[in-house]
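Student: Got a structure here, written out as structure tokens. Questions coming.
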Amino acid sequence: MAKVPPLIVICGTTASGKSQLALDLAQRLNAVILGADSRQIYKELDIGTAKPTLGDRQTVPHYLIDICEPTENFTLAEYQRQAQELIASLNQPILLVGGTGLYIQAIVKGLKIPAVPPQTNLREQLANLGQPFCYQLLSQVDPVAQSKIEPADVVRTLRALEVFYATGRPISSLQGENPPSYPIVQIGLGLEPEQLQPRIVHRTHAMVEAGLVKEVEGLINQYGEDLPLLHTLGYAEIKQYLQGQISLTQATESIIVHTRQFAKRQRTWFRKDSAIHWFDANQPNLLDSVTKLVQVDVNEGMF
């Protein structure tokens, strides 16, 4: 019987080097990359989401990136469906790469996601209340779900509230797990906060220099200031600058602070999973070490 190609997960905090490791590993293993980032799925959000470049995507096939419009409501269930279909149809090693823990769990653990259609009117009413209020509200009606959602994640927060008010039951109580049968290896890239900080600073300044302000300005002009994605990390701060509330320097520093806080929450999330094999992102011969682990874990010689 032919061996089933494994699903190789590369996760970790923002700015830890996941994308570069994935690109190098994919070329070595003749693999493809599936994105696991809740914002990189959207077209036109390129710089602020650190989306793989067109050159990278030409070097290695990437999927689940640029698959919907900024105004679309893309649910976790839809992400899971598309990812599972790709995994079933691609007959080669696959790297699932990103920092959105819920996306990764949806695939690795086979989360059973409630089949509740979007409630447009309810969602609009909730959105008008503002994310801080909605996030606090979620902590009251479904603290389990709230503990798994980032404070700035407008889409996931609204979805959890939407399910609660549509069904009368917390989304967490409607969820279960149905793990896939194919082999899975999870790789985590870790860095101590003092090592990650310079990377965050460098990347933030690089984003601004690459045209983040123009990107946000274009989104506002095209979709208006109330676009939910403009409330997310990197975009919210630049929007404040464009509205004259803060200077560009203040916006940049604010992004750095918020990114550092986001990375701390990501670290806490991923460290809870004992199945992840952790590597120091700065270690010498990182690619060789990861390649060796992957091959041993799924039976050496598979590739």
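Yeah, the Cβs are placed from backbone N, Cα and C, and that goes for glycine too.
Reproduced below are the annotations present in Swiss-Prot:
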type: BINDING; residues: GLY12, THR13, THR14, ALA15, SER16, GLY17, LYS18, SER19; note: ATP binding site
type: BINDING; residues: THR14, ALA15, SER16, GLY17, LYS18, SER19; note: substrate binding site
type: REGION; residues: 37-40; note: region 'Interaction with substrate tRNA'
type: SITE; residues: THR100; note: site 'Interaction with substrate tRNA'
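Show me how these features fit into the structure around them.
Tutor: Around the Cβ of LYS18 (ATP binding site), a 10 Å sphere holds 24 further Cβ atoms from the protein chains shown. A helical conformation is recorded for LYS18 (ATP binding site) in the three-state DSSP classification.
Within 10 Å of the C-beta of SER19 (ATP binding site) we count 22 further C-beta atoms, all protein chains included.
Remote same-chain partners of the region 'Interaction with substrate tRNA' (37-40), defined as residues 6 or more beyond its termini with a Cβ less than 8 Å from a stretch Cβ, comprise 48-52, 64-66, 79, 98-100, 102-103, 153, 155-156, 229, 232.
Under DSSP, THR100 (site 'Interaction with substrate tRNA') is assigned to coil, being neither helix nor strand in the three-state scheme.
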Student: Of GLY12, GLY17, which of the binding-site residues has the most Cβ neighbours inside 10 Å?
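Tutor: The most densely surrounded of these binding-site residues is GLY12.
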Student: What does DSSP say about THR13 (ATP binding site): helix, strand or coil?
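Tutor: For THR13 (ATP binding site) - judged by DSSP and reduced to three states - the answer is coil.
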Student: Could you give me the DSSP helix, strand and coil counts for the region 'Interaction with substrate tRNA' (37-40)?
Tutor: 0 helix, 0 strand, 4 coil
Student: Taking the centroid of the Cβ atoms of GLY12, THR13, THR14, ALA15, SER16, GLY17, LYS18, SER19 as the ATP site, which other residues of that chain lie with their Cβ within 8 Å of it, listed in sequence order?
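Tutor: Filtered neighbour residues, in order: GLY99, LEU189, ALA281.
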